[in-house]
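According to TrEMBL, the protein has these features:
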type     : residues : note
TRANSMEM : 44-68    : transmembrane segment
TRANSMEM : 74-94    : transmembrane segment
DOMAIN   : 75-279   : domain 'Fatty acid desaturase'
TRANSMEM : 106-124  : transmembrane segment
TRANSMEM : 192-212  : transmembrane segment
Amino acid sequence: MAPSSECSTVTEEIVETIGNSSDVNLKSDTEKKKLKWYQFETRIVPVQFAILLVMHISLFYFLFAFPYRQHPVLVAWAFFMTYVTIMGVTAGIHRFWSHRTYKATLPVRIMLAMFFYASGQMKIRQWSRQHRIHHKYADTDGDPHNAKRGFFFSHIGWLMLEEKKEVDDCRKKISVDDVLADPVVQFFDNNYALMQTLCVAVIPTLIPWYFWGQSLTWAFISQVCIRYPIGIHITASVNSFAHAYGYRTYDRNILPTENYLISLLTIGEGWHNFHHAFPWDYRASEFSAFFFNPTTAFLNILAKLGLIYDLRFASEEHIKKFINEKGDGTAYNDKYRAIDKSW
């Protein structure tokens with residue numbers, strides 16, 4: 001089914017829930033005393049810190065200790081699984097459950113839930129709520145990973161620190177009833193520990209061992225100790241790098257940027273200034289093909305197969321008007337739009 005244009009097709013309740021950066025009423029900058037380099041605005045959560053510490057110690061150790069030459073199949077499999085999980089984040093938890101940019105059939109929802117759970121992150125309902133908070137209160141004290149608190153905090157520091165009261169207050173204002181109503185979400189989230197274990201460790205480890213005769217030990221290490229934390233950092237790069245470095249083509253008044261390198265790493269999520277300007281657009285970018293956006297290509301294939309439908313996107317006229325009013329002057333030439341359409 002053909003995608004549908006313009007925001008008039010978006011469910012009004014979801015748009016109101018997610019909001020845009022311009023909806024923010026909180027202060028963008030907190031009045032606080034100057035902190036020393038080793039200090040944080042909130043306290044460290046010991047358990048979370050310990051988990052992250054162990055995860056990174058094992059990552060750095062096995063990055064050097066892994067026998068790459070002896071196990072090229074495991075290296076290729078780890079690379080493949082990294083981007084299976086990233087697709088679960090980009091096409092699944094982000095563009096589908098968090099933003100409702102399209103509708104999906106049951107088989108696709110199950111597939112995307114498995115892909116996302118293989119990334120080893122939080123529950124679908126939690127991730128969706130956190131992300132909706134991030135958009136409605138972007139880069140304020142209500143944002144769970146406020147980029148104005150520094151690069152480290154927005155990248156991974158927020159995972160090991162206590163949340164500010166403002167974040168919890170904002171969470172109470174954000175609904176995820178639409179997410180909770182999905183039977184797929186109910187099943188995966190209600191069996192969180194089991195599904196995490198199966199999708200992160202058991203299935204990715206057993207496949208190369210059973211089908212290709214690979215070492216069970218090294219298969220486990222390549223997936224859990226190497227692939228998993230690298231995937232976490234790839235996902236986190238959008239919150240850090242793409243809120244600091246790049247152009248603000250569509251809205252010069254917000255921190256998110258257009259970052260080509262991050263789009264390469266995240267298969268299309270680095271066009272972040274566009275995404276914050278048009279969070280309901282399934283492409284997360286003005287371009288579907290000309291610039292690197294494999295997630296959109298994947299969704300387009302699913303749409304042609306009839307597996308997803310009612311894809312929402314901004315019209316070219318609406319985008320140009322937005323650029324003229326709010327852009328930083330780095331708008332793309334029309335020839336790129338013509339090339340993109342021809343693809």
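Think of each number as a place in line: the chain as shown, counted from 1.
Positions of Cβ are set from backbone N, Cα and C atoms, glycine also.
TrEMBL annotations: computationally assigned, not manually curated.
Non-local neighbours of the transmembrane segment (44-68) in the same chain are 75, 156, 159-162, 218, 221-222, 225-226, 228-230, 232; each lies 6+ residues outside the stretch with a CB under 8 Å from one of its CB atoms. In the predicted model, residues of the domain 'Fatty acid desaturase' (75-279) average a pLDDT of 97.
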